[in-house]
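Trainee: Sharing a structure here in structure tokens format.
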Amino acid sequence: MCHRSPGRSLRPPSPLLLLLPLLLQPPWAAGAASQSDPTGVHCATAYWSPESKKVEIKTVLDKNGDAYGYYNDSIKTTGWGILEIRAGYGSQVLSNEIIMFLAGYLEGYLTALHMYDHFTNLYPQLIKNPSIVKKVQDFMEKQEMWTRQNIKAQKDDPFWRHTGYVVTQLDGLYLGAQKRASEEKIKPMTMFQIQFLNAVGDLLDLIPSLSPTKSSSMMKFKIWEMGHCSALIKVLPGFENIYFAHSSWYTYAAMLRIYKHWDFNIKDKYTLSKRLSFSSYPGFLESLDDFYILSSGLILLQTTNSVYNKTLLKQVVPKTLLAWQRVRVANMMAEGGKEWAQIFSKHNSGTYNNQYMVLDLKKVTINRSLDKGTLYIVEQIPTYVEYSDQTNVLRKGYWASYNIPFHKTIYNWSGYPLLVHKLGLDYSYDLAPRAKIFRRDQGNVTDMASMKYIMRYNNYKEDPYSKGDPCSTICCREDLNGASPSPGGCYDTKVADIFLASQYKAYAISGPTVQDGLPPFNWNRFNETLHRGMPEVFDFNFVTMKPILS
């Protein structure tokens, strides 16, 4: 049953190209009192008045409304919240910009309290030195203004028009969260805080680029701190099925999760994906992980590649599009992997430097063939994006991704050869621990259960390739590091196959792995790390994720 509360109106500025100033108020000043969002299913519908340019929210599920959906706040019981929103399917015809604005507005309204919790948890993980805040704000302000200027100046360009859709959705998110805050009588989040959340992945590279260190010990590097992940695409020997999965690695402070289903009725001949399901977080208009199922037939997975060549980070400038923005635009516009890569390559910010796996299920004929273009691998570093068709590799059985660049140029320019020379083969593409484990064990994947198993695998005490390191394996548990435990590592897994993807369906589990007798993670050992809104103990099962409104 939906929780109901009185709906009120809020008059927003024009949603398209809304020049919202970056508020320079310190993020920690936005009201520290903890708010409790009652668990359960919260429904809401947004109505747009063209005459008054007002949004009205009613806490009902009205399929004739301009945007409608629900938020199932089940984080404490399953590890996941579930958000589903449909926009543009109501009784009145709306512009694409208004549809995107209302979709963002409704999401902000439904998830505002967890958005603030998530910001509170992540901010100290990224901002270690308060002196960097002004530099980050200045960069983001310049980047935002440049982006909005290009959207306004190039309305007939499909790329910039779709960038405008994404920016308009962010404007809606901000104002919807603001409305919810007014109802709850709490201080609203600033636009900077919401931009900060969406740019978390980009900030992993942006902050070091703004505060370069003269020297640092490579031995102090913790692999999970940069948002590293494990991903696997597995094809059965007779092409009977194709499985794909992703396990996220980052600080456990990021374990406030929402799985999202969006269906936006955008009428633009260049929009090839109007509907998507993906793993995400409160306040994020992207996955971050990444794990997307798109209505274009594309699947997008991603793992992060660190850039150890610090001179490359000097090339990061604000007159670019952040990675999260380019991913969203490419997801909306691309029909295939090559086109996705070409769109994503435009205006490369050089931040959140990743390996993207673009799997085109339209190219797969079960029991028969994987056509050319089934799998594109896309990798980014500052000033350069490289992509290639790696379907031939996939035909041999699998593609694994584990935070080491595949393309030789990216590998070399990022500084990995020096890392191998200094620290050993654990940083080589072929002989990293996860490369060896995936190569050894991928043949055991024959069904969904075995795919889940390999992606939660951590037998660090016994596996010779782990050598006793709880992070030299598929699903890292740095909190089990006997010498220096830290609350970070692998904290989820999402798994699907070609048949499930046709229904936008996946299986997802939240929390560090407990497979083969590992103890559940408990925050009582790391209470100094902020974890507002989370369960104290993570010991959940896989949850079936599937949209129910359409």
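The backbone N, Cα and C atoms fix where each Cβ goes, glycine too.
OK, Swiss-Prot features for this one:
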SIGNAL    1-39  signal peptide
CARBOHYD  Asn72  N-linked glycosylation site
CARBOHYD  Asn309  N-linked glycosylation site
CARBOHYD  Asn309  N-linked glycosylation site
CARBOHYD  Asn367  N-linked glycosylation site
CARBOHYD  Asn367  N-linked glycosylation site
CARBOHYD  Asn412  N-linked glycosylation site
CARBOHYD  Asn412  N-linked glycosylation site
DISULFID  Cys471-Cys476  disulfide bond
DISULFID  Cys475-Cys490  disulfide bond
CARBOHYD  Asn527  N-linked glycosylation site
CARBOHYD  Asn527  N-linked glycosylation site
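Can you walk me through where each of these features ends up in the structure?
Mentor: Around the Cβ of Asn72 (N-linked glycosylation site), the number of neighbouring Cβ atoms within 10 Å comes to 21. In the three-state DSSP scheme, Asn72 (N-linked glycosylation site) falls into the strand class.
DSSP classifies Asn309 (N-linked glycosylation site) as coil under the three-state reduction.
Other Cβ atoms within 10 Å of the Cβ of Asn367 (N-linked glycosylation site), summed over all protein chains shown, number 9.
The secondary structure of Asn412 (N-linked glycosylation site), as reduced to three states from DSSP, is helical. Sequence-distant contacts (6 or more apart, same chain, Cβ under 8 Å) of Asn412 (N-linked glycosylation site) do not exist in this structure.
Cys471 (disulfide bond) falls within neither a helix nor a strand when secondary structure is assigned with DSSP, and so counts as coil. Other Cβ atoms within 10 Å of the Cβ of Cys471 (disulfide bond) number 24 in total over all chains.
Around Cys475 (disulfide bond), a 10 Å sphere centred on its CB holds 27 further CB atoms from the protein chains shown.
In this view, Asn527 (N-linked glycosylation site) is surrounded by 11 other Cβ atoms within 10 Å of its Cβ, with every protein chain counted.
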Trainee: Could you state the whole-number distance in Å separating the C-alpha atoms of Cys490 (disulfide bond) and Cys476 (disulfide bond)?
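Mentor: Counting only the Cα atoms, the answer is 5 Å.
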Trainee: Measuring Cα to Cα, tell me the gap between Asn309 (N-linked glycosylation site) and Cys471 (disulfide bond) in whole angstrom.
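Mentor: It is 23 Å, counting Cα to Cα.
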Trainee: Measure from the CA atom of Asn527 (N-linked glycosylation site) to the CA atom of Asn72 (N-linked glycosylation site) and give the result in Å, rounded to a whole number.
Mentor: 27
Trainee: What's the CA-CA gap between Cys475 (disulfide bond) and Asn527 (N-linked glycosylation site) in angstrom, rounded?
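Mentor: Checking the Cα atoms of Cys475 (disulfide bond) and Asn527 (N-linked glycosylation site) gives a distance of 23 Å.
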Trainee: Using a 10 Å cut-off, grab the number of neighbouring Cβ atoms around the Cβ of Asn309 (N-linked glycosylation site), all chains included.
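Mentor: Asn309 (N-linked glycosylation site): 16 neighbouring Cβ atoms within 10 Å.
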